[in-house]
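Chemist: Pulled these features from Swiss-Prot for this protein:
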{"type": "ACT_SITE", "residues": "D208", "note": "active site, proton acceptor"}
{"type": "BINDING", "residues": "V97, G98, Q99, G100, T101, F102, G103, K104, V105, K119", "note": "ATP binding site"}
{"type": "COMPBIAS", "residues": "7-84", "note": "compositional bias 'Low complexity'"}
{"type": "COMPBIAS", "residues": "442-466", "note": "compositional bias 'Low complexity'"}
{"type": "DOMAIN", "residues": "91-366", "note": "domain 'Protein kinase'"}
{"type": "REGION", "residues": "1-84", "note": "region 'Disordered'"}
{"type": "REGION", "residues": "389-418", "note": "region 'Disordered'"}
{"type": "REGION", "residues": "437-473", "note": "region 'Disordered'"}
Amino acid sequence: MTIPTDNNSSNNKGYNDNNNNNNNNNNNNNNNNNNNNNNNKEHPNINNNNNNNNNNNNNNIKESSSSNSNHSSSQSSSTATVNSNPKVYPYEIIKQVGQGTFGKVYEAKNQDNKRVAIKKVEKSNHFISREYDILKIVAHPNCLRILDMFYTAEDNKKMQNLVFDFIPYTLASLLKKRQLSINFIKVLFYQLCQAIKHIHSKAICHRDITPNNILLSSKGELTLADFGSAKILESNHTSMSYICSRYYRAPELLVGCSNYTTKIDIWSIGCILAEMLIGKPLFPGTNSNDQLGRIIEVLGSPTKDDMEAMKPSKPYHLQLPNINPKFFESLHNVEDKTVVDLLSKIFIFDPVKRASIDEIIAHPFLRDVNINSLELFDEMKCFSVSGNGKSSLTTNSTSSSSTTANMTSLASSSSNNKTTCSETYLSRLPTSAITSSSNLKSIDNSNNGKSSSSSNNIPSLNNSNNGVITNTI
């Protein structure tokens, strides 16, 4: 597994946005934090006093002090200690292999000398409990399996340790090394779809599907990882729109929709499929506006009905030239036209009309997939030997970062294709931006149809809020 070591890793998804619903719950229920955690309604700004009094949260997981740190998990329990040599009983730390927004990732070995990955995150973090709760109910061969969870005291901080199987490679590192055959793409995409089908059946939305979060064994067995952004979506609850890595972000998120569905994951896996086909991201936007512009350049201009279906954060019209779709032109080198047809059913502005995961699995492109044929492919052999004769575990990513290290997806990581928190202010595109982006204009209904900006600017989608898209978690 690989993890980007990007300096912008902490400025990824706007995790500090306010959630009014959760604020109300926290004000009224300071003594009932158990209920809030079990219902996935935590707020990132809960004060430390509440956190310190919340020692029996996370579905009755029992924690103990550092002097007696017996821990419990769904699968095993042990005593956790920390010393100057990073050794966490019964796991021996081998080395740090990555660092993400919320924690560090270590390669370790257990008492049976089996390699595992340990993701260490500070306990006070808002997303910790949700990630662990979701991991406990996810049980599928193509989803990352949690082996253990325990707490340690380190540098006067309470750390949550999540233990996973160690899986050495990512789809990002594979795409950096070689072009994939169409049949191997089918097998990988089929496995990814099975993982998505499983989590969507539980109303879980992953919300950050990227090549770096797709792990691969040496045989090509696929595992969906990094559930740090995952959430169980409820129809009567809003969620933050500033989520998901930019290249793989659905258009409804780009216009500030806060009542989205699991169809945002469908868009993401469509981007993954296209990237496997052409060897690079299909929509490599430089910021949120450029991202939307690049999508429009390929798919054509959204209709008025499309805009309404995407539920933008504020009522506005999108005024731009009548851009004809260039979708088939973008994929003209792809010989298998069934996969192009499948992508045309995924890349649809209206989330309701976008293909469901069941429709994707039933599509002719995946009709004859033989999941037991992995041994017939040689794509994974590119990792077998490096120049020094050792197994090559560290590679660069074509889609996410300029520098990567092992175990990307275990940390809630960030990369160059993710925007910073300050980018909620929608700014003017650079001169290198594509034409369709530079012609986007927001028109506020209260402005009597007058453009709120010059033609070479992309103004806020929320003019009444000084350009800031208000998000909820």
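Backbone N, Cα and C atoms are what each Cβ position is placed from, and that goes for glycine too.
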Chemist: Using a 10 Å radius around each Cβ and counting other Cβ atoms from all shown chains, which of the binding-site residues V97, V105 yields the largest count?
Modeler: V105
Chemist: What Cα-Cα separation, expressed in whole Å, is found between D208 (active site, proton acceptor) and G103 (ATP binding site)?
Modeler: 17
Chemist: Within a 10 Å radius of its Cβ, which of these recorded positions (G103, D208) has the fewest neighbouring Cβ atoms?
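Modeler: Counting other Cβ atoms within 10 Å of each of the recorded positions G103, D208, the minimum falls on G103.
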